[in-house]
Amino acid sequence: MENHLPNIFYFPNCVTAFPYRYTQKELDDMKPVDRERFKYAVFPLIKHRWCRAYVVRDNHTFKLNVETSKRLRRVAYPTLVPLVGVNAALREYVMEDGTKISFECYSYLICKRTTSLHDVDDSTIRGLVEGGNQLNIFTNSVGSVTNTVGIFGNPNPFAKVPLKSLHPSMQCKIFTSWARRVPVVLTGDTGVGKTSQVPKLLLWFNYLFGGFTDLSTLTFEVQEKPIVLSLPRVALVKLHSETLLTSLGFEEIHGSPVSLKFGNMQERFVNTRFSRYGIVFSTHKITLNTLFKYSTVILDEVHEHDQTGDIIIAVCRKYIRKLDSLFLMTATLEDDRRRIEEFFAESVFVHIPGGTLFSISEAYVKNSNDPLNRFMYIEEEKRNLANAIKTYTPPKQSSGIVFVSTVSQCEAYKQYLSERLPYKFYIIHGKVQNINDVLSDIYDNDGVSIIISTPYLESSVTVRNATHVYDTGRVYIPSPYGGCESFISKSMRDQRKGRVGRVNPGMYVYFYNVSELRPIKRIDFEFLHNYVLYAKVFDLQLPEDLFVKPTNVTRLHDVIEYIRSFDISDDVWTRLLSSYYIHILEYAKVYARGGSGALALDSFERTGNLTDDALDAIKSLNMRAKILSHKKASAHTYALRCKLLFGVYAGKVFTVYHKRPLTGYITMIAEHSFIPDY
């Protein structure tokens with residue numbers, strides 16, 4: 001019983017469930033099993049109404065102070081003797097000694113001395129109904145959307161949400177999984193409301209029932225914590241928090257149950273009146289440093305295998321008993337299900353059926369060239385793309401999204417297509433600062449808009465008038481001092497396809513052979529020092545405790561030994577990880593020393609502003625590379641072939657670009673930037 005969600009506590013999606021106030025007459029007419037549902041109202045009452053309640057006497061009737069607007073003095077609890085009369089109109093009982101007591105006051109006193117929900121009887125349920133009505137926590141299949149105003153202090157009504165994720169049957173499944181306190185893996189096609197609705201649903205459950213060890217024991221000792229939706233990028237934090245905030249009837253963050261956590265936050269994003277039961281939208285790095293401050297941890301975009309996200313999963317597995325619940329959300333399990341089943345001994349898989357609201361058609365445009373013949377393959381791809389946009393053209397006032405792999409390709413493809421097609425072209429990727437302005441121009445365009453983007457648009461921004469996707473099927477995978485281009489994975493294909501079909505029927509045109517799709521093991525292309533450093537902080541065993549293990553374990557051990565050579569204590573590493581970005585491992589030496597150099601370097605990592613102090617701090621690390629050769633790359637650029645002379649990757653040959661043909665040595669400032677050694 002305790003793990004099943006009574007239908008009177010469904011989240012009001014304003015389609016199948018609405019706020020509702022139950023009368024005592026309705027309660028009397030119910031079957032006993034239906035009256036039992038109201039017992040669970042005791043938990044939100046303890047948290048949100050009775051937490052500030054005390055007994056008063058109002059015209060010879062004992063009440064709770066929260067039942068009246070009068071300023072009455074606290075009085076001693078009355079002695080509870082058998083009830084002999086019920087006045088439903090006045091909502092009060094008469095006890096055997098003639099004392100009058102309100103339904104809610106009686107329930108409050110009974111629950112104060114009761115430890116089992118099983119012992120709550122019909123007389124007590126009357127007061128729970130009255131208190132629950134005041135909190136506006138009950139729902140019914142009939143009602144009005146306007147009644148959602150004020151549930152969380154919201155000035156406007158909740159949004160109407162017809163998505164599958166808030167259907168009553170899915171609410172029950174998700175609640176049962178949440179209440180079991182085992183890891184939950186939530187899947188569902190793009191467009192069913194995983195990210196936009198499930199966190200809102202878990203916020204509702206946390207508001208009602210969070211902070212209690214179980215839902216069969218009565219206690220006024222509540223360990224309330226917020227929940228967190230952890231995301232890989234700041235853009236996602238802003239996007240999804242704004243969506244949830246608006247859907248809950250808020251126009252601003254202040255005083256709402258929503259809080260944001262990301263680096264360099266402006267004051268306008270700070271909620272100074274955040275509720276303890278609320279939801280935090282956080283970047284993975286900040287989540288990792290504050291993990292145990294939350295009751296429920298929700299990790300989104302698990303299929304991306306963001307490095308910090310995978311570390312969070314590893315830490316959660318080791319300390320799962322410190323969390324009330326863990327939700328892993330992903331569009332598809334095709335690449336990860338077996339590993340998740342191995343990694344978590346106990347886990348529940350919940351799938352939200354259905355896809356986007358509108359159908360999505362597909363078209364395949366074959367490239368006759370071998371992808372290994374890169375020049376010929378790309379040239380034909382451009383021609384195919386131009387012809388496909390002519391054939392499968394978005395309607396006026398709509399847009400199409402072209403997915404390419406790099407920022408430089410965005411520029412090249414825009415130039416090629418704009419010379420051949422009479423449409424407006426736009427570029428969106430993670431380095432574009434004014435994305436909202438670009439989107440405004442797209443929405444204001446009465447004609448056809450074509451957006452060229454990197455994988456950034458797979459999830460970071462929703463383009464609401466997008467009807468077509470043109471997918472080259474490629475992604476650039478960075479690696480230390482280099483990188484390579486690869487075909488995408490099945491989960492990335494699903495994400496890209498799901499960008500359309502939300503407000504209108506969609507079209508997905510792809511230019512690659514689906515047989516090329518395969519999982520991408522990102523850990524094999526990454527700097528590994530964060531895995532090692534957070535293993536120190538959280539006492540993880542490497543590589544055994546990692547969610548995804550590197551193929552080359554020797555490289556992992558090389559990193560462990562290199563970090564040991566820094567001679568920095570574990571306590572200092574813990575402090576550094578919670579205070580600095582440390583994009584380049586060697587920066588930790590500067591941060592450990594402290595002083596003005598550390599302050600300047602920290603500012604550089606956060607803002608990109610390279611001051612003289614920051615430059616001097618970096619130079620002190622002797623991060624040099626030898627220039628092996630150079631050649632002209634373009635009219636104004638030279639490619640410098642270099643060999644790294646420091647760190648775990650010493651000896652690696654890589655390429656950087658400069659406006660002049662250099663010889664000698666360079667000093668690396670960051671992974672892809674440098675200064676010449678003159």
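Placed from the backbone N, Cα and C atoms, the Cβ positions cover glycine too.
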Swiss-Prot feature motif 'DEXH box', matched against 124-127, 300-303, 564-567, 612-615, maps to 300-303
Using DSSP and collapsing to three states, where does G191 (ATP binding site) fall: helix, strand or coil? coil
Surrounding CB atoms that lie within 10 Å of the CB of T190 (ATP binding site), all protein chains: 23
For a quick check of packing: other C-beta atoms within 10 Å of the C-beta of V192 (ATP binding site), how many? 26
The average per-residue pLDDT within the motif 'DEXH box' (300-303) comes out at 85
Sequence-ordered list of residues in the chain of K194 (ATP binding site) that lie 6 or more positions away and have a Cβ within less than 8 Å of its Cβ, or none, is S165, L186, T187, G188, D300, M329, A331, I352
Under a criterion of Cβ-Cβ distance under 8 Å and sequence separation of at least 6, what residues of the same chain contact T195 (ATP binding site)? L229, H240, D300, M329
